[in-house]
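Under the heading Cu cation A1 binding site, Swiss-Prot lists His160, Cys195, Cys199, Met206, citing similarity to another entry as support. The annotation Cu cation A2 binding site is assigned in Swiss-Prot to Cys195, Glu197, Cys199, His203 on the grounds of similarity to another entry. Sequence annotations record features per position, and here Swiss-Prot assigns Mg(2+) binding site to Glu197. For 1-26, 83-225, the entry in Swiss-Prot reads topological domain 'Mitochondrial intermembrane'. Here Swiss-Prot flags 49-62 as topological domain 'Mitochondrial matrix', drawing on sequence analysis. Taken from Swiss-Prot, the feature transmembrane segment covers 27-48, 63-82.
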Amino acid sequence: MMTWSQMSFSDMNSPIMEQMVFFHDHSMMIILMITILTIYMITNIMMNNLLSRSMMEGQEIEIIWTIIPAITLIFIAIPSLHLLYLTDETFNSQISIKVLGHQWYWSYEYSDFNKEFDSFMIPEPEMMKNSFRLLDTDNNLVIPINTNIKYLISSMDVIHSWTIPSLGIKMDAVPGRLNQSFSISSRPGLYYGQCSEICGANHSFMPISLGVTSMKNFINFINSS
């Protein structure tokens with residue numbers, strides 16, 4: 001989860017999120033090089049007094065400052081397109097979970113196990129000392145580690161957005177439409193997200209809590225009432 005004054009991404013917990021962070025680092029490296037070069041050129045121009053009143057054009061320099069940015073954009077575009085297609089990649093899922101957005105809570109259905117429940121934010125007066133304000137819920141979504149999960153996401157009223165940054169998932173929940181997303185969680189723990197689409201007065205009070213655990217604990221959770 002995100003912490004106070006954090007400048008980087010939250011902990012990665014899926015292959016697609018790892019690729020997103022790698023692409024971010026790749027892009028930042030290129031941007032940093034461009035920034036340093038630009039500052040150097042501006043400083044160099046301001047510090048010297050060399051002028052040429054007879055120079056009307058510079059064919060070579062025009063070719064250079066056209067080709068180099070084009071090559072730079074290619075180095076950014078290729079991994080970006082690769083990542084874009086990876087986010088829409090589908091694979092054979094082992095477990096399907098249906099996610100339904102409401103004003104202002106989430107409903108989860110384990111279609112393979114005939115289990116469903118609603119998930120509400122824990123009000124501040126009922127919070128424990130180790131709870132996180134505006135993030136903890138009364139019923140957490142639980143999934144097993146290293147398992148292909150398919151999320152079927154929709155809404156019962158207005159447009160919501162089911163988002164868990166650590167998994168690299170952000171999918172709109174649209175009434176009358178069933179969107180899908182896939183993920184594999186590689187680390188156990190409790191991960192948080194929030195609705196990322198303004199959906200009314202209590203938009204800020206419909207968090208998402210996802211617990212990633214072992215298959216044994218997941219089966220115990222499914223069998224619990």
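Every residue, even glycine, has its Cβ placed from backbone N, Cα and C.
Rounded to a whole value, the Cα-Cα separation of His203 (Cu cation A2 binding site) and Cys195 (Cu cation A1 binding site) is 7 Å.
Look at the topological domain 'Mitochondrial intermembrane' (83-225): DSSP puts its residues at 23 helix, 63 strand, 57 coil. Here the topological domain 'Mitochondrial intermembrane' (1-26) has, by DSSP, the following mix of helix, strand and coil residues: 12 helix, 0 strand, 14 coil. Packing against the transmembrane segment (63-82) from elsewhere in the chain are residues 23, 26-27, 30, 34: each is 6 or more residues past its ends and has a CB under 8 Å from a CB in it.
The Cβ neighbour count for His160 (Cu cation A1 binding site), using a 10 Å radius over every protein chain in view, is 30.
Using a Cβ-Cβ cut-off under 8 Å and counting only residues 6 or more beyond its ends in the same chain, the topological domain 'Mitochondrial intermembrane' (1-26) has close neighbours at 76, 79-80, 83, 86-87, 132, 135, 165-169, 183-187, 189, 191-192, 212. A separation of roughly 11 Å, to the nearest angstrom, links the Cα atoms of Glu197 (Cu cation A2 binding site) and Met206 (Cu cation A1 binding site).
Surrounding the centroid of the Cβ atoms of His160, Cys195, Cys199, Met206, where the record places Cu cation A1, the chain contributes additional residues within 8 Å, namely Gly101, Gln103, Trp104, Trp106, Val158, Ser161, Ala173, Gln194, Ser196, Glu197, Gly200, His203. Neighbour count (other Cβ atoms within 10 Å of the Cβ, all protein chains): 23 for Met206 (Cu cation A1 binding site). Compared over the binding-site residues Cys195, Glu197, Cys199, His203, the count of CB atoms lying within 10 A of a residue's CB peaks at Cys195.
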